[in-house]
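One structure below.
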Amino acid sequence: VKDSLFSQGKQTHPSLAYRPILDLEQKDKDKTEYRNFESGSLIDRVYNTYKLMHTNQTLDFVKQKHSEWSGCGHAQMEVMEAVISLDQLVDESDPDVDFPNSYHAFQTAEGIRREHPHKDWFQLVGLIHDIGKIMALSGEPQWAVVGDTFPVGCRFQNGIVFRGSTFVDNPDDKNPAYNSECGIYKPNCGLDNVLMSWGHDEYLYRVMKFNKCTIPEEGLYMIRFHSFYPWHSHGDYMHLCDDKDMRMIPWVREFNKFDLYTKTTELPDIEKLKPYYQSLIDKYCPGVLKW
């Protein structure tokens, strides 16, 4: 099952590779230099990714994807296999990314390990948080796998990238049942009760829960909401949050410092690091998982 679904990678959409360079040692560097959605060689392709996403990610679409993927019946593989399989998602024609995705997974994990040496679960989350992108290897379009996430079933808020121009063809944006501030939700209902746009965040969260992995709740929040930039970086959708969400957002923001919007030129020795991270996998999500 694994080979038939996930062995043949397709051409990577540039949104997978849109990663501004960040030296983790330059902690005082101006953050406005990152996540530049206004200019750059990739801007047209990045914009088109979000245009497709913001047109097609409706409440009905998200419910359909939950039905298709949440049962974890697509493949069986170990976590380390999934990490390495992401190498197929590298767009080698893109000048911003000239090394396999697995290197960056280990870079993220090692950055966390340096600053949080006693939180092994946090380090593991750094390694695995993007492996839900394996959906792209089974034919899911990139706009249903990568990019920033946002709630569906309520008004699309201004913190969403390209908000002003990319939702014009999304029918939910014109539906009075969905385009009010809370839409189908109640104030302070909690993000656990909110349907997010479908992507690798929610998918990996579902895989972790389905396989009864023992990563702490803080780590599961990082996995599930690390791409929810309108919330953790722009302060939108706070009216949907409950006390649990507010306790968890500092963890998500801490994780964001090490997320894959970083790149260093010093590549890790993956073979040397594998035994340590395999021990973390064996501790928190061992064996063959269902995907």
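For all residues, glycine too, the Cβ spot is worked out from N, Cα and C.
Bear in mind that TrEMBL entries carry predicted annotations, made automatically and left uncurated.
The substrate binding site feature in TrEMBL is assigned to Arg35, Asp91, Glu92, Ser93, Lys133, Gly147, Asp148, His226, Ser227. Annotation source TrEMBL lists Fe cation binding site at His104, His129, Asp130, His200, His226, Asp259. The phosphoserine feature in TrEMBL is assigned to Ser39.
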Between His129 (Fe cation binding site) and Ser227 (substrate binding site), what is the CA-CA distance rounded to a whole number of Å?
10
To see if you understand the setup: which same-chain residues, six or more apart in sequence, place their Cβ under 8 Å from that of His200 (Fe cation binding site)?
Asp130, Ile131, Gly132, Lys133, Met135, Val145, Val146, Ser227
Give me the CA-CA distance between Asp259 (Fe cation binding site) and Asp148 (substrate binding site), in Å, as a whole number.
13
Neighbour count, 10 Å Cβ-Cβ cut-off, for Asp148 (substrate binding site): what number do you get?
23
Let me check the 10 A CB neighbour count of Asp259 (Fe cation binding site). How many other CB atoms are there?
20
Let's check the environment of Ser227 (substrate binding site): how many other CB atoms sit within 10 Å of its CB?
26
How many Å lie between the Cα of His226 (Fe cation binding site) and the Cα of Asp148 (substrate binding site)?
9
Count of other CB atoms lying within 10 Å of the CB belonging to His129 (Fe cation binding site)
26
These are the binding-site residues: His104, Lys133, His226. Which one scores highest on other Cβ atoms within 10 Å?
Lys133
